[in-house]
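What Swiss-Prot records for this protein:
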type: CARBOHYD; residues: ASN54; note: N-linked glycosylation site
type: CARBOHYD; residues: ASN66; note: N-linked glycosylation site
type: CARBOHYD; residues: ASN69; note: N-linked glycosylation site
type: CARBOHYD; residues: ASN422; note: N-linked glycosylation site
type: SIGNAL; residues: 1-23; note: signal peptide
type: TOPO_DOM; residues: 24-474; note: topological domain 'Lumenal'
type: TOPO_DOM; residues: 496-504; note: topological domain 'Cytoplasmic'
Amino acid sequence: MTLLRDLLLLYINSLLFINPSIGENILVFLPTKTYSHFKPLEPLFQELAMRGHNVTVFSGFSLTKNISNYSSIVFSAEIEFVNIGMGNLRKQSRIYNWIYVHNELQNYFTQLISDNQLQELLSNKDTQFDLIFIELYHVDGVFALSHRFNCPIIGLSFQPVLPIYNWLIGNPTTFSYIPHVYLPFTDIMSFWKRIINAVFSIFTAAFYNFVSTKGYQKHVDLLLRQTESPKLNIEELSESLSLILAEFHFSSAYTRPNLPNVIDIAGIHIQSPKPLPQDLLDFLDQSEHGVIYVSLGTLIDPIHTDHLGLNLINVFRKLRQRVIWKWKKEFFHDVPKNVLIGEWFPQIDILNHPRCKLFISHGGYHSMLESIYSSVPILGIPFFTDQHHNTAIIEKLKIGKKASTEASEEDLLTAVKELLSNETFKRNSQHQSSIFRDRPMSPMDTAIYWTEYILRYKGASHMKSAVIDLYWFQYILLDIILFYSLIVLILLCILRIFFRMLTK
């Protein structure tokens, strides 16, 4: 009888500690069809599903795990600049790149809106969501989804937050020491660099307000055409942005102020290293002088980098180290014996192998974070967008070096040999790795907590700054400055009149 009573009490107590939350309906909207944007945060969506939430992912890729309450809607539209390759972009100015990428994404999203599956999702009145994740990357028309489903939005930034989204949510952005992510600067800028940073940042803001919003408004109208809602403008809809989950960490960039609704989750895509396939493990274990891992990202078309590729191959011929290179085999016919080429390798698992001595990368933000996490020095060869900014940070932290895509074979060989022989780079990498890993909560737990926080408090409007309700001239106190200037001017005029009267 006592045993039965104890079991009953244990059962009642266990019920008290069961999480009473009911699974919410979450829509993940990832319109840009780039795998490097989909793969890093998929573990977050999987974890939300495993916690009981119903997660629907609208993207260009199929899900990698089969979970009962985790479903996908896969679209087939392609971004034009991905189809033609990114090689030509590196030859253009940064303003040209900004405008080009913006225009291509605008045209692409106009086509994406007509996707039959998306239209079916929007027209089904029985479909409801409690929260929407959206990718913050030049496709702000998707803010209209918050009105259609009457729910808050969490923005996903796959790099340090772009200034336009900092301004949308009220996060302070000071040009004097916060560089634009598309510029090759760090937080320590000379006078001329600060001028360039301010001009470029103001240009992108003006472009957003006077050009981009017109395209976004068109997308809003198209998305809401099947609803009976009155015409809404993009400025009103952007207020539904409740939180930003950003892949940014002060140790891997620079220190900057953030509002409480801008959350750092840098490294969320990094999972514990897994055992390597036997052939790769043997290749690494048997490398007497270590291994160099090479990956130039997923968007770099080899046809636009043949000069760089040939120079790298010739450099590798002269090294004692073995090389694992993620590339297309058909572009090289005479591959050295110390080089293993394949179209895919488990990057984080290779970087964490003790024999991995150097990472040659395009300077992508995720690659930089994985290099820091794994304590591996990096040679960055940037092509476009934020990659120049990332490699500038690499040099600032002294965990690697930067090389041009047009670098000669001799220059590349010199840089590689210095990174392999100078132990300072390795020590700095280990130090940065220690700082990067030292956090009170893992990036995954942080993202889950704040996602469910927004769900609990229905958008958590109490976290929003009053700055989002100010005009730009109020934010920079221009009206106050003009007011006091006017008072001073009036006083000077009065004094002038008074002295004239005295001198008569």
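Backbone N, Cα and C define each Cβ position, glycine as well.
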Close glycosylation sites near ASN54 (N-linked glycosylation site), where close means Cα within 10 Å, chosen from ASN66, ASN69, ASN422: ASN69
Looking only at Cβ atoms, how many others are within 10 Å of the one on ASN69 (N-linked glycosylation site)? 16
Drop a 10 Å sphere on every Cβ of the glycosylation sites ASN66, ASN422 and tell me which sphere holds the fewest other Cβ atoms. ASN66
Across the topological domain 'Lumenal' (24-474), what is the average pLDDT of the model, as a whole number? 87
What residues elsewhere in the chain lie close to the topological domain 'Cytoplasmic' (496-504), defined as a C-beta under 8 angstroms and at least 6 residues from its ends? none
Helix, strand and coil residues within the topological domain 'Cytoplasmic' (496-504) as assigned by DSSP: 8 helix, 0 strand, 1 coil
Report, as a single number, how many Cβ atoms besides its own are within 10 Å of the Cβ of ASN54 (N-linked glycosylation site). 17
Measuring Cα to Cα, how far is ASN422 (N-linked glycosylation site) from ASN69 (N-linked glycosylation site) in Å? 51
